[in-house]
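Asker: Following this message is one structure expressed as structure tokens.
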Amino acid sequence: EEIMAHSSNVSSVVLGKGSGRMLATGGDDCRVNIWSVSKPNCIMSLTGHTSPIESLQVNPNEKLIVAGSRSGSIRVWDLEAAKVLRSLPGHKANICSLHFHPFGSFVASGSLDTNIKLWDVRRKGCIFTFKGHTEAVRCLRFSPDGKWVASAADDHTVKLWDLTAGKLMFEFTGHTGPVNVVEFHPNEYLLASGSSDRTVRFWDLEKFQVVSCIEEEATPVRCVLFNPDGCCLYSGFQDSLRVYGWEPERCFDVVLVNWGKVADLSISNNQLIGVSFAQSTVSSFVVDLSRVPKSDSIPHGLIRDDQPLVPPTPTGSSLRRIYDRPSTSCSKPQSRVKHNSESERHSPSSEDDRDEKESKAEIQNQEDYKEIFQPKNAICRTPPRSEPFPAPPEDEPGTAKEAVKPSQAVDVQTSLPKQELVRTVIFQRPPIASSTSLTRTEPSVIPAARNEPIGLKASDFLPAVKNQSQTELVDDEAMSQIRKGHETMCVVLTSRHKNLDAVRAVWSTSDIKNSLDSAVAINDLSVVVDLLNIVNQKPSLWKLDLCTIVLPQIEKLLQSKYESYVQTGCTSLKLILQRFLPLITDILAAPPSVGVDISREERLHKCKLCYKQLKNISNVVKNKSGLSGRHGSAFRELLLLMAVLD
């Protein structure tokens, strides 16, 4: 079988959301190639564009595909008929974003010319032209009920447009960089947006206000996708997949995925499929979602011990209004559609007919094409259930497993693939321990939330019953047993209270640095933890002097057996890395100054001291990054932030 491949770099990649198995790629060679994620051969190659492909989108039932080019032209292909369906000219610059209506025959397009157009694919006309953005429109999404469309642009804004009225509903501001992606919640009136400013924001579409904001991530977010039941948001970054909640804002898990320029995400058979591209190579990755914590796990990083956890909203219930979906698939009533003027609408012409004749679909794999796009139709049109990708073999806990060799990826620069089409990576989580009863021992890590004291049993406080019939205790005997150890505990708590009073007195008469010095001098980690929990709430209090004092204590906290101590240490270390690591590396890399600059020399000395301490801590983080649970995820996140130290 001859495989038609791109003759130049890949410029756009998209997954079919229906099955997660259909992959479309667009290249600088002006072609659109259709692939099956699980097979190595190109199924079909679509031609007709005269400039490089900039954007692609597949409709929900995977029967149509639309492609936008650098010249501003749009073409819609019918994959079952293997022919071009429509040619939609109208934009004056690059097509940056496309999206199909969830149940109508409409396509929305966003362009570098800052305009958004809504097209009727059947009538070959432009229904709306929305104007309001001042820079390129990077992402478009229809709401689940099909009444709204959200747009994200390089002008740092997210706009919500009402399709029934043909006007702007609301403009969301708050991002400080270009907004790359936007996504509607599948059920609730909630919108998520990701920006180059490394933040993910959640917007309430009833109150038109921000619900929560996840800030200061390591790299800009490239794509987002809600779980089908709406319990969490998956965010694709350059080197990881992060699972977020929003009320309150929290990160459930971080999965290390070195997919680089991740372009699209899809969910099928409880597996998340991600695709990325670099130059002429396209790779796909698979993450087993059954091994990734969602809302049923305890979050890490963004929640402190002194804040109560908000229980997850049960599936099927909502705190917000739910979309009203139509019972049947039909387009909008004609009376509710505000058309452009006849001069703006596009009508068929001889030039369009010539373009459609020049556009063609070259079927490279007839067998796969018939199997996927022309199945034998039965009375029931329900598509066959696709089998999930094979799970990886069991291996060491916390390791990543590859279903094929790392070098097996799509090579679209030659006429034949070098090895395989797909590079499928399944990230294996540690195996679940068996329920076999074992000898009860004191845990190596003491959890922050527990219902009983560690190492204590209620039976230890009760007198031994010589006669089984004598089960009643006299009040005096019961009180004497309860008082065992009470005086010792009172002494411990009184001492801690006295230490905290001393630290507070220093803070009120001096500054935070002296109070931290006094807390460290007391040589009680519990006092340091209490103080750090306060300082972590106000990042503005952090200075370089503070880092030199706190970092040695953080190294002790990360190795503590108490979960709350480890969590506080992780939060403080993350804050230091985000705020001071770029400064430390820049100062250490700067050339020596001419003359004597005492303040610069002091700053350089502090940076060297912090760098040395961070290198020591990085060894602890590396050793702990293989752990399971939320602490393993927190250590893996810190390991990414500390990568520059290597």
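Cβ coordinates come from backbone N, Cα and C, glycine included.
Residues or ranges marked as repeat 'WD' by TrEMBL: 3-45, 46-87, 88-129, 130-171, 172-213. Marked as region 'Disordered' by TrEMBL: 297-412. Residues annotated as compositional bias 'Basic and acidic residues' in TrEMBL: 339-373. Taken from TrEMBL, the feature domain 'Katanin p80 subunit C-terminal' applies to 484-642.
In terms of burial and nearby residues, how do these features look in this structure?
Answerer: Residue counts of the repeat 'WD' (3-45) by helix, strand and coil are 0 helix, 21 strand, 22 coil (DSSP-based).
Among residues of the same chain six or more beyond the repeat 'WD' (130-171), those with a C-beta under 8 A of the stretch's C-beta atoms are 94, 96-104, 108-112, 114-118, 177-184, 186-187, 191, 193, 195, 203, 205, 208, 323-326, 332, 336, 338.
The DSSP breakdown of the repeat 'WD' (172-213), given as helix, strand and coil counts, is 0 helix, 24 strand, 18 coil.
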Asker: If you average pLDDT over the repeat 'WD' (88-129), what do you get?
Answerer: 89
